[in-house]
Amino acid sequence: MGIPPRRPLSKKARTLQAKKRRFSRSGMASASLSSEIATPGVKLTEGEGRLPKVVLTSAGGSEADIYLFGGCVTSWKVSNGKDLLFVRPDSVFNKQKPISGGIPHCFPQFGPGTLQQHGFARNMDWSITQSENVDGDPAVTLELKDGPYSRSMWDYSFQALYKVSLKAKSLSTELIVTNTDKKPFSFSTALHTYFRASSGAASVRGLKGCKTLNKDPDPKNPIEGKEERDTITFPGFVDCIYLDAPAEVHIDNGLGDVIAIKNSNWSDVVVWNPHLQMEACYKDFICVENAKINNVQLEPKQSWTAIQKLFID
Ligand SMILES: O=P(O)(O)OC[C@H]1O[C@@H](O)[C@H](O)[C@@H](O)[C@@H]1O
C-alpha cells in the first residue's frame with residue numbers, strides 16, 4: 001500500500017505551521033504554540049528586534065507584554081492605557097544583552113558574585129509551557145531549563161517555571177525553581193522591576209525598621225544599617241537592600257499612581273535608582289525589586305516558590 005496523498009492544509013493550518021517553523025528554528029517551544037494560540041487573551045507575536053513576545057490582554061482592558069528572551073515582562077498597561085513599567089532607552093533587543101527594563105530576572109545570582117552580574121536567566125530563551133484564561137483573565141507559564149550556556153557557568157540541572165497572570169488591576173508572577181540535578185545547589189534571585197516614575201516625586205513606603213545593606217558607595221562591601229524613614233525618596237543615587245522586608249510595600253510613582261507590591265516568599269527588597277550614572281533616563285523610573293538575597297539551598301527534587309503581585313487602585 002502506498003502512502004495516501006496528503007490533504008491540502010487550510011490557510012489557518014498553514015499559518016500555524018509557518019509560525020511553528022519560525023519559532024522552533026530559534027529554539028523556542030513550538031509544541032506549546034498551538035495551545036497558546038487557542039487561548040483567548042494570549043497571543044504570540046513578534047516584538048522589537050523580531051523577538052518572540054507574548055501579549056496578554058484581559059477582559060478588564062489591561063495588557064502585558066512578555067519577551068521569551070529573558071522571560072522578561074516589558075509592559076503592564078492598565079485599562080486607562082498607562083504603562084506602569086519602564087524599559088530603559090538604552091535597551092537592545094538583539095539577545096546580545098539582557099533587556100534593561102520591565103521585570104528582568106536575576107537568577108541564579110543576584111550579585112555581585114562569581115557569575116555574570118544578576119546571573120544568566122535574563123540572557124536565555126525561555127519557552128512557553130502553558131496558557132490559560134479564567135473568566136477573562138489570561139495567564140502564561142514560561143519555562144527555563146539548564147543548557148550548554150548555563151552549564152558553562154553553573155553546572156547544575158534545574159527547571160524554572162514562571163507564571164505571569166493578568167487581571168484588570170493586577171499583574172502577578174509566580175516563580176518555581178526546582179532542583180532537577182542529583183546534587184544540591186544554592187542560588188539567589190530577584191525580580192528587577194523597573195517602575196515608570198518621576199523619580200524626583202516618587203516614593204516607597206513600608207520598609208521602615210528593616211535591616212539595610214547600603215551598596216552605596218561600594219556594592220561589594222555594603223554598609224549595614226536600619227531604615228528609619230517611613231517614606232524613601234530619590235534625591236540622588238540609591239542602591240540599597242532591605243532584608244526581611246514586609247509582604248506588602250507601596251510605591252507612589254510621582255505620576256499619579258500608587259502601586260501595591262504584595263509578595264509571598266520574596267523575603268527581601270532592593271531599591272535602586274542610578275541617578276547621574278544614567279543621566280538620560282534616571283528621572284523616568286525607580287527600581288523596587290522583590291529579592292532573595294541570601295542563598296536558597298535546594299536538595300535534588302526540591303522546589304522553591306515565590307509570588308509577586310502588583311496591584312493598582
Ligand atoms: O545594570 P544592571 O546589570 O541591570 O544592574 C543594575 C543595578 O541593579 C540593582 O539591582 C543593583 O542593586 C545595582 O547594584 C545594579 O547596578
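In case you wondered, yes, glycine gets a Cβ from its N, Cα and C as well.
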Annotated region 'Disordered' segment (source TrEMBL; candidates 1-34, 205-238): 1-34
Rounded inter-Cα distance in Å - E289 (active site), H192 (active site): 5
E289 (active site) - helix vs strand vs coil (DSSP): strand
